[in-house]
Structure formats: structure tokens, C-alpha cells
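One structure is given below, encoded as C-alpha cells.
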Amino acid sequence: MIKYNKVVLAYSGGLDTSIIIPWLKENYGCEVIAVCGNVGQKDELDGLEEKAIKTGASKLYIEDLTQEFVDDYIFPTIQAGAIYEGKYLLGTSFARPIIGKRLVEIAKAEGADAICHGCTGKGNDQVRFEMAVKAFAPEMPIIAPWRIWDIKSREDEIDYAEAKNVPLKINRETNYSKDKNIWHLSHEGLDLEFPENEPQYDKILELCKTLEAAPNEATYITLSFENGIAIALNGKKMNSVELLDELNKIGGENAIGITDMVENRLVGMKSRGVYETPGGTILYKAHKDLEELCLDKETAHYKEQIALKFADLVYNGQWFTPLREALTEFVNKTQETVTGEIKLKLYKGNIVNAGMTSPYSLYSEEYATFGEDGVYDQKDSAGFINLYGLPTVVKAKMQEKIKKEEM
């Protein structure tokens, strides 16, 4: 096995990365520098430094990336309208590139020989982390223990942790695999691995109330957007992190953003997860509805195609690629007129548009009215339909001619 003097580890304090510290020291005899990217996981950071040092790390960096994460990764993805397979709001996907980028920066500053992550060889995150590392340090060796060690399951991990006296907050019965940041909380594993099982929402959910426990009265909110970015809630301007935090509270209280889905992983298999994305779900709905008011037909329809590709790029770990950057430039152009206010009604998991306005609205009451109007001459429709239907008419006549010749 190759020897390294100093390894930088992507560290969360969870089961995987907690046991990797003693494993690295045992197998490589190296110094381990743990790096935790704070992307809004909040209480999960409590006691993290003490745990990392106690487990064998020489130091722990806790890098506050939350503001950059929201401004440079989350909001551009909302503007793009990117949703993976129609359901997944990419909560884990776009958190990995920013953490990977910071890992490289610290590894270079520390003079590290390698970067290590705790991603399973069956998952998407191994690709996302390593794509980020390759984008900024293509020569940097990457250690992925799940691809080389003898540990084969989470039960094996717990056994190893107990043998190495690694403190754990989980037990064998409640060992859901989770990922949390300011955008979402995901749950995988245990009973969720069987699609026939209904999720035990009353036991799983942490950010959101269940539908049954949500208030029996609707909650109304108003969001203000400027160039496709939410800038105010109920008339109060906020920075992006404050706004998302507040929407998470409001959305969670109303059971907004609970998704149970089976998705197609990049590595080829299907997996099932339950996602809580309360604030994000509200933002996507508000932004999409405002675009309906502000974008012309051709731009809106073409942008839907861009959204699909953008989602694939983010999901597949291709954030730092020329194509993703080019698509973002296109999206930015489309957002120049996505400015206005939208009122939303939140009720037991539902989000209903309760009215919106924009100085760039392309909706004209004069043209759209079903009543009497003086701006639209309905007689013009006849000529339009004749030209629009010309290919259909020509084809029909051709088919009629062939039938006659065959008789």
C-alpha cells in the first residue's frame, strides 16, 4: 500500500468518516487533517472538533460555506429550474462541488499528499467529490476507503467503530443514512430500501411536520424576486441564507417539501430516498410561477430543455464543466425580466398560487379577456389557421391522391 505523510479527509462526523480517521492512521501511518464544510447543517457541528481530535485527527477545519453555497450553487440552480427526474431538488448533488473545491484549497495549503472521502462505491457522491478534486488538482491522489477496505456494510462499520472506541450517536436500529444542509435533509436505508414499505414519516421527519400534524389553517406568504432571485419575504428584505432559513421553518410547519422517490443513480442502480426540502420547494414553485408571467413562449419552452440538462449535470457531478457554466450564462439572460411579487397559500403539503404581479408581465388582460375587446380581431384567426395548417392540408391531399390511384 502506498504511504502518505499527510491526508486531508472530507469529514462530517457521521459513521463513515468517523471510522476512516483511525483506518487511515492504521493503514497509511499518516497525519489526518479533517475538513468539514459547513453548508448549513447547524446542530450537526456541535462537538465535532472534540470528536475528530479524539478519533485521531491532528486538527479539524470547519469551513463556513453556507453563504457561498446558497448564492453560487443553490440560487443558480433554482433560476435554471433544474429538477432531477421530476422530483429531486438536488440537495446533496450541488453541496458536493463546493466542499470538494474547499478540500483542494486546504490540501494545497497544508501540503497534503492525498485527499480522502467516505463515499460508498455504490453511490453518486464519490463521483461528485472526485470530479471537483480533478477540476482543481488533477494530480492529487484520492483515497476512497469503501473501494478498498474489508468493511462491507454499515453493520461492519459499527463493529469497527466499537473496536476502535469511536463515539457514535446512532445505533443499529435507527441507522438511517442521512445528509443534511441548509437546503434539505435526506433519509436512506433500513425499511426505505424496500419500495413496498410506506415511510414511517412520524419517525423519519425532522424538518417537516407530517400532513396530519400540519395546521388546519392555511398560511399565506409573499415572496419578492429580482432577476430570478428571491430577495424579500412578506415585504422584508433578507440575505439569501436568512430567507431560506425562514422559508424552511414556515414550509416545515406546513408539511411542505416531503418527497419519497426512487431515482436512477449515476452508477446505474436505482435507489430510494425520502427528502425534506421545505424552503426549497416553496422557492421552486414561486420562481416557476413567476416565470410563467414574465417569459415569452419560445424562451420558456426552450428553457425547459435546458433545465433537464442542467439537472443531469448537477446530479452527475459536472458542476465545474464548460457546459454547466455556459448553460448558467443562458439562464442568467432569461432571468433579466423575472422580477415581481407572488403570494402563496401553504396548506398541508400544498402550495397554491394566490396572485402575482410583475413590471415585466407579458400577460395582457386586453388580449386574454373572454369578454368584449377592441384590440384583437378574431377574424384574423382564419388566415393564421390556413397557413398554420398548410402542411397538414398538403399531406392529407397527398394521401387522398394515393388512395385513388390504388383503387
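Counting starts with 1 at the first residue shown.
A Cβ is built for glycine as well, from the same backbone N, Cα and C atoms used for every other residue.
Note that this is a predicted model, so its numbers are computed, not measured.
Matching Glu110, Glu162, Glu263 to the L-citrulline binding residues that Swiss-Prot gives (Tyr88, Ser93, Asn124, Arg128, Ser177, Ser186, Tyr275) identifies Glu263. Annotated ATP-binding residues in Swiss-Prot are Ala10, Tyr11, Ser12, Gly13, Gly14, Leu15, Asp16, Thr17, Ser18, and among Gly111, Gly118, Gly121 the one listed with them is Gly118. Cβ neighbour count within 10 Å across all protein chains ranks Ala10 highest among the binding-site residues Ala10, Gly14, Asn124.
For the binding-site residues Ser12, Ser93, counting C-beta atoms within 10 A of each C-beta gives the highest total at Ser93. Reduced to three states, the DSSP call for Gly14 (ATP binding site) is coil.
For the pair formed by Tyr275 (L-citrulline binding site) and Asp125 (L-aspartate binding site), distance between Cα atoms is given as 16 Å, rounded to the nearest Å. Using Asp16 (ATP binding site) as the reference Cα, a 10 A cut-off selects Thr120 from the binding-site residues Tyr88, Thr120, Arg128, Ser186, Glu263.
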